[in-house]
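Marked as domain 'K+ potassium transporter integral membrane' by TrEMBL: 50-537. Under the heading domain 'K+ potassium transporter C-terminal', TrEMBL lists 550-807. Per TrEMBL, the feature transmembrane segment maps to 42-64, 84-105, 173-196, 216-234, 241-262, 316-341, 409-431, 443-465, 472-495, 501-521, 533-556, 576-594 (among others).
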Amino acid sequence: MASLSESEVTNRGSMWELDQNLDQPMDEEAGRLKNMYREKKFSSVLLLRLAFQSLGVVFGDLGTSPLYVFYNIFPRGVDDDEDVIGALSLIIYTLTLIPLLKYVFVVLRANDNGQGGTFALYSLLCRHAKINTIPNQHRTDEELTTYSRQTYEENSVAAKIKRWLEAHAYKRNILLILVLIGTCTAIGDGILTPAISVLSASGGIKVQNQNMSTDIVVLVAVVILIGLFSMQHYGTDKVGWLFAPIVLLWFILIGSVGAVNIHKYNNSVLKAYNPVYVYRFFRRRWNSDIWTSLGGVMLSITGTEALFADLCHFPVLAIQIAFTLIVFPCLLLAYTGQAAYIISHKQHVAYAFYRSIPDAIYWPAFVIATAAAIVASQATISATYSIIKQALALGCFPRVKIVHTSKKFLGQIYIPDINWVLLVLCIAVTAGFKNQSQIGNAYGTAVVIVMLVTTFLMVPIMLLVWKSHWVLVVSFTVLSLIVEVPYFVACILKIDQGGWVPLVIATAFFLIMYVWHFCTVKRYEFEMHSKVSMAWILGLGPSLGLVRVPGIGFVYTELASGVPHIFSHFITNLPAIHSVVVFVCVKYLPVYTVPTEERFLVRRIGPKSFHMFRCVARYGYKDLHKRDEDFEKMLFDCVLFFVRLESMMEGYSDSDEFSVPEQVTGGGASRSLMMSGAAAGAFLGAEKTCSTTMCSNGELSFSSQDSIVPAQSPLRGVMAGGGQLTARWSASTEVGDELEFLNRCKDAGVVHILGNTIVRARRDSGVVKKIAVDYMYAFMRRMCRENSVLFNVPHESLLNVGQIYYI
């Protein structure tokens, strides 16, 4: 933004100066709430226990891949032993490079205070660079316990990258689009994982009964899926302790069966650990169906992205221990054992896993495999709920009902609307394709797109957050792309064989998210441009030029400063306003949670006689408005606490001259306010508005009276209409009287005033914009939940103020 010229500064005049002085940011208030952050340290025993529990939440999807990988590599059967050994070698080194090296030891470190996934990476970037497309953040937000960021040297690579990202709006939009693509394909993954996992597990019935039709297998899979999604409202916490033993038993089973098959059938497959067989595999199959085989190998690392997305409940070290000691060795044994069996039984590649199991343990293995498939599906379903919640918090998804299913874990939620959408789509995919091959093609496409998005987002993360050397960044990017780009090409080439499914699903969710976010940004810009000056409000006098009726009015706005347009619209059309007015701003920040004691910021607006306050409620993308929380009571209690704290701080104004202590101003800044006489009592660390006199030259001077007198300013005529603004009080008796006054107003009644801004496209807009705004966005607004429902506002206390905004 260009700097203001001298004439422009003069033209802004004393009105702007007064408004800036009256509606100050909440620096001191935020500083007092700041807590020191201390990293949690876990004992060795606790780490092992958490590593065990992580098996049931994090690794279910990755662990069930042996059910269907080899069939998708060789859908037309196996002709030569060398092909099996080459495919096994490719699986081994794909597992080593992507899940082990890239994710477990690199990407997991890029978590947002323990939160993983695409939006967690985006939140990290939003804190280290000004790339958030909704600019509702303030410097006070950076003082949160959960808010962390880096500082950079002027000429460092990180500083240059930061300036480059912040330079143009189109770069921020491209980054947001990239995040939305990764998010939408991850949602598609949540649809395809239950379909392929449950269908592959159900296929074990047909192995023992060759005459059974495929329709019966599909029917069994559909019944299991219906049961799985119908149980979601109970939450994973109630059955969480069952998951880890099931998955541990599953890994022990596939590892043991693999070891037995290596010994029993063909231990020559162990030469696949020589990477030269990867080269031979490409050379042998390059002119035949190499891309089909690569798409099948890609399925061996499905669930890796869920490993990062489901990070929230476990420390990184616990997941690293579980993967390196249990998951990785057992997967290698399982794939090696299957390869040994296939070499000896080339005609059994379709159900290689079930056919390689000894008859004595076949049915127990079938039960465990089905249970593991359900656990794997549960992990991706829960991850989908978390993704939707994060998108909603950042203004990228319509408001939907979110149910908190656990009192212990913040991340365990249930979204009814999304749950039934997932169920319908899962059944449609399962019943529509009826075979693992086409679902596998679709599944691979969704997985590889999410991995590519993660790779691209890790580049700015490594530069801005970690301050890594550019050589390390280039090495990480090149090694990741060398593996992922061929898999991406292989999946794209199979679009007509099922790969179109995740693209269609992702496109549908992308349109929903982008249209909603676009209109949300435009609505916020409208609020910013149409806000009313605080000086105008003060010019109306203590009564605001209206009848002040008993009661409290909570005016909801997206603005953290200034008076929203809906308030001026309201008082222009109605002749009365409540005795106490509280402007409430609820905003979401790019942090996973805001501690309860740091959530609310309160300050007074204008003199005490106005009885006007501002309250900013800050939430992270994991925080929820719980049904049992009384948001109205929390707001009122915050105002009462602020009034009491304000009275305590008045002790600092007893002397004729003083400086505000560091503890009051929030530490950090070397800020002291030197005042003389009784004027010091009007400017307190508790965010009291100072008493001022507007001078003719546009500067503010401190008066010895607790009043705002516009001396020789353009406001004189406006102020005169409402009478002189005087607010004399006695500090010793005022607090009790004001508390009693607030309680009387609460007993008289509380009204919640919400803005209902309708967004419409201009008449000269294009057809695409009109369809997106007038139809898609309007439909989503009608279908989504109202803000009053999210805040548990009683209908009898709700007042909507409507306005139309054309974009």
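For all residues, glycine too, the Cβ spot is worked out from N, Cα and C.
These figures come from a predicted structure and were not determined experimentally.
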State the residues, same chain only, that lie 6 or more residues beyond the ends of the transmembrane segment (42-64) and have a CB under 8 A from a CB inside it; answer 'none' if no residue qualifies. 99, 193, 197, 200-201, 236, 240, 242-248, 250-251, 254, 301-304, 306-307, 310-311, 313-315, 317-319, 321-323, 325-327, 330-331, 369, 372-373, 375-380, 382
Per the Cβ under 8 Å criterion, with at least 6 residues separating them from its ends, the transmembrane segment (472-495) contacts 94, 97-98, 102, 106, 290-292, 294-295, 297-298, 441, 444-445, 448-449, 451-452, 455, 458-459, 462-463, 503
Among the recorded stretches 84-105, 409-431, 533-556, 576-594, which has the greatest number of Cβ pairs closer than 8 Å to the transmembrane segment (316-341)? 84-105
If I count Cβ-Cβ pairs under 8 A between the transmembrane segment (216-234) and each of 84-105, 173-196, 443-465, 501-521, 576-594, which range comes out on top? 173-196
With an 8 Å cut-off on Cβ pairs and a sequence gap of 6 or more, do the transmembrane segment (443-465) and the transmembrane segment (533-556) reach 3 or more such pairs? no
If I take every residue in the domain 'K+ potassium transporter C-terminal' (550-807) and average their pLDDT values, what number comes out? 66
When each of 173-196, 409-431, 533-556 is checked against the transmembrane segment (501-521) for Cβ pairs under 8 Å, which one has the most? 173-196
Taking pairs 6 or more apart in sequence, does the count of Cβ pairs under 8 Å between the transmembrane segment (409-431) and the transmembrane segment (533-556) hit 3 or more? no
Which residues of the same chain, at least 6 past either end of the transmembrane segment (84-105), have a Cβ under 8 Å from a Cβ in it? 62, 69-70, 73-74, 78, 268-269, 271-275, 277-278, 280-282, 284-285, 293-294, 296-298, 300-301, 304, 307-308, 319-320, 323-324, 328, 331-332, 335-336, 339, 342-343, 451, 476, 479-480, 483-484
